[in-house]
Amino acid sequence: MVTVAVVVDTPQHSTVRGALSYDAQVPLPAGSLVQVPLGRRTVCGIVWPQGPQPEPGVELKPVGEVLTQLPPLPAAWCALVEFAAGYYQRSVGEVAHAALPADLRKLADKQLALRLKKLAKLQPAGGTAPALPTLTAEQDAALAGLTGDAAQVALLHGSTGSGKTEVYLRAVARALDAGRQAMVLVPEINLTPQLEARFSERFPDRVIVSLHSGLTPAQRLRHWLAAHLGRADIVLGTRMAVFASLPRLGLVVVDEEHDPSYKSQEGARYSARDLAVYRGKLEGATVLLGSATPSLESWHQAERGRYLKLAMPTRVGGGVLPRVRFVDMNHVPKDVAHSHALSPPLLDALQRRVAQGEQSLVLLNRRGYAPVLQCLECAWKSGCPHCSAWRVFHRVDRTLRCHHCGYTERVPSACPECGNPDIQPVGRGTERLEEQLAVSLPGARVARIDADTTRLKGTLEAQLASVHAGEVDVLVGTQMVAKGHDFRRVTLVAAVNPDAALFSSDFRAGERLFALLMQAAGRAGRDAGQAERSVMLVQTWHPTHPLYAALRAHDYDAFAADTLKEREMAGLPPHAHLALLRAEARTQEAAQAWLAAASSTADEIGASAAGVTLYPPVPMSVARVANIERAQMLVESGSRPALQRFLSQWLPQLHALRGEHKALVRWAVDIDPLAI
DNA sequence: AGCACGCCGACT
DNA sequence: GTCGGCGTGCTC
């Protein structure tokens with residue numbers, strides 16, 4: 001009999017934190033999947049490289065079935081999971097099991113053998129490789145910088161249209177030629193099909209699989225196994241793919257590395273981009289981070305020489321970035337300006353495009369018809385009964401919808417408070433903008449793309465195809481349309497009402513706005529013939545704001561330098577490191593009381609002496625969601641290790657504290673939070 | 001999280 | 001007299 005350490009799926013709120021010990025007949029290799037008894041049930045476990053010694057005298061239960069058909073998970077995979085669990089303060093079991101396909105856990109050894117046999121026959125799509133495009137001097141230089149040295153991290157700062165994807169393709173080709181596997185991450189599931197098409201065309205003799213939440217459980221298992229067995233050469237996917245098991249990983253590409261989607265917002269709140277960098281170090285793989293507007297975290301690392309900076313400022317094929325012009329809303333008629341509607345210069349520009357048969361893209365980051373309805377007689381507004389937020393008026397189906405809890409009702413025909421039939425929309429969303437454009441531009445074909453029009457699978461593709469086919473003159477949309485789609489005939493991009501982000505309490509709002517507008521600008525003038533006439537129009541009350549000055553000059557470097565200086569002075573990332581302790585309770589008082597108690601515990605273990613500062617508990621900006629009150633507390637330190645050391649001391653104490661707070665529903669910690 | 005055990009109200 | 005409410009406590 002030998003003792004083996006096994007991790008099982010135990011969530012955060014559990015006293016089981018590390019591996020458990022079991023008896024086995026023979027030593028089992030680390031990374032093997034096993035069935036083990038846990039309490040009264042049998043669960044899937046993973047044999048772990050090391051675990052705590054079992055208490056002497058404790059009777060150990062025996063390991064059940066071992067999945068001998070499955071090659072054990074590589075040591076590097078276990079190390080990545082262990083690091084992620086430690087860094088994001090979750091149990092190893094939770095992170096490990098969340099990283100595996102759900103179906104794998106249910107499989108018996110025999111069924112597995114069958115699946116593996118089928119996979120052995122997996123063949124590349126076939127076909128002939130296309131002729132390679134000639135590289136620009138900038139692409140050449142970027143690729144020359146990628147030496148293929150172990151654990152190199154490179155930040156590819158390339159303008160929209162500078163040909164970043166071609167650099168990815170060449171870098172992947174090199175990794176494959178060296179007998180290694182490549183992983184390519186994209187922020188959104190929407191972007192995987194077009195990337196997959198691009199890679200299959202370039203690598204017809206390679207096996208390519210995708211990993212994202214849109215796959216069926218069976219597909220996910222198949223793709224995961226293909227990667228794990230080394231049958232797949234290329235893995236494309238969203239943030240979850242960073243945990244794929246790849247025995248020969250040689251390259252990780254993180255496209256649009258600044259995108260907030262890489263940060264998980266539930267369970268272990270990991271950053272796939274940060275884990276990709278860590279993973280590259282672990283496995284001696286090159287990591288290539290690409291963006292037109294890098295995150296300030298990555299930019300800062302590059303400036304400090306930790307990452308290699310590769311710059312591609314020029315558009316391929318002679319395209320130039322559109323001229324950026326501002327419509328000063330202080331100078332347009334008051335009634336128009338006040339409703340943030342379409343200014344005469346913008347309408348004029350749109351009309352001209354329609355007349356010339358060119359396309360326009362109008363951006364408004366707000367779904368629905370109007371963000372709130374209001375009674376003209378009394379003070380009634382369309383608040384959500386369950387949340388501290390307004391319900392949004394959706395005109396298509398005549399509903400009031402809460403975007404936080406989903407609570408939906410038919411819009412009332414009269415004010416529910418005073419019976420006055422005159423209730424009116426306040427402000428505007430994409431629905432209302434679409435309607436207004438249709439009225440203002442008679443004869444123009446206006447279409448809208450946002451989360452509401454693309455709810456059904458495949459509708460986004462269909463709508464984009466109709467835009468590409470030239471069936472649309474003016475496309476209205478949220479940030480969804482600014483991401484990655486290559487519109488050849490767009491010569492005007494307009495931002496209707498972007499100012500709010502300039503004065504947001506969220507310190508990253510400016511960074512996100514700049515990225516969004518730069519990305520949107522990149523949608524125009526992709527075609528060299530039209531590039532000269534291409535314009536981005538921004539309606540603003542603050543045309544002299546530094547963010548807009550940087551946007552006008554397409555000058556990311558200036559924006560980054562300004563913002564990094566501000567962050568340094570304010571003690572914010574990347575110059576400081578943050579964690580958020582969040583609490584949800586029946587009442588706001590209970591939520592804050594728990595945080596206050598947590599704060600006292602932190603004082604007792606000497607937070608400030610450890611270089612860690614705790615701020616007072618505050619309600620979250622939307623304090624109540626689905627009748628649960630939410631509060632949070634910011635924890636900050638100039639040193640990442642100091643913050644980590646403190647958290648690993650503090651959090652176990654908070655588990656113990658939990659019992660004394662009956663009204664507390666749940667709590668969680670978010671390391672490196674995106675918004676505070 | 002499951003899935004127990006455990007101690008108090010309306011039914012065959 | 002039992003079925004079952006979900007309160008707290010453990011899982012090698």
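Each residue, glycine too, has its Cβ placed from N, Cα and C.
Feature annotations, reproduced from TrEMBL:
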| type | residues | note |
| --- | --- | --- |
| BINDING | A:Cys375, A:Cys378, A:Cys415, A:Cys418 | Zn(2+) 1 binding site |
| BINDING | A:Cys384, A:Cys387, A:Cys402, A:Cys405 | Zn(2+) 2 binding site |
| DOMAIN | A:145-312 | domain 'Helicase ATP-binding' |
Alpha-carbon distance [A:Cys387 (Zn(2+) 2 binding site); A:Cys415 (Zn(2+) 1 binding site)] in Å:
20
For the binding-site residues listed here (A:Cys384, A:Cys387), which one has the lowest count of neighbouring CB atoms within 10 Å of its own CB?
A:Cys387
A:Cys402 (Zn(2+) 2 binding site): tally of other CB atoms within 10 A of its CB:
21
In the same chain, which residues outside the set A:Cys375, A:Cys378, A:Cys415, A:Cys418 have their CB within 8 A of the centroid of the CB atoms that define the Zn(2+) 1 site?
A:Leu376, A:Glu377, A:Ala379, A:Trp380, A:Pro416, A:Glu417, A:Gly419, A:Asn420, A:Ile423
Other same-chain residues whose Cβ falls within 8 Å of the Cβ centroid of A:Cys384, A:Cys387, A:Cys402, A:Cys405, the recorded Zn(2+) 2 site, in sequence order:
A:Pro385, A:His386, A:Ala389, A:Arg391, A:His403, A:His404, A:Gly406, A:Tyr407, A:Val625, A:Ala626
Since the record lists A:Cys378, A:Cys405 as binding-site residues, which of them has the fewest other Cβ atoms within 10 Å of its Cβ?
A:Cys378
List the Cα distance (Å, whole number) between A:Cys384 (Zn(2+) 2 binding site) and A:Cys375 (Zn(2+) 1 binding site).
15
Between A:Cys402 (Zn(2+) 2 binding site) and A:Cys378 (Zn(2+) 1 binding site), how many Å separate their Cα atoms?
22
Quick one, of the binding-site residues A:Cys375, A:Cys415, A:Cys418, which Cβ has the fewest other Cβ within 10 Å?
A:Cys418
Give me the CA-CA distance between A:Cys418 (Zn(2+) 1 binding site) and A:Cys387 (Zn(2+) 2 binding site), in Å, as a whole number.
22
Predicted model, mean pLDDT over the domain 'Helicase ATP-binding' (A:145-312):
96
In whole Å, how far does the CA atom of A:Cys387 (Zn(2+) 2 binding site) lie from that of A:Cys378 (Zn(2+) 1 binding site)?
21
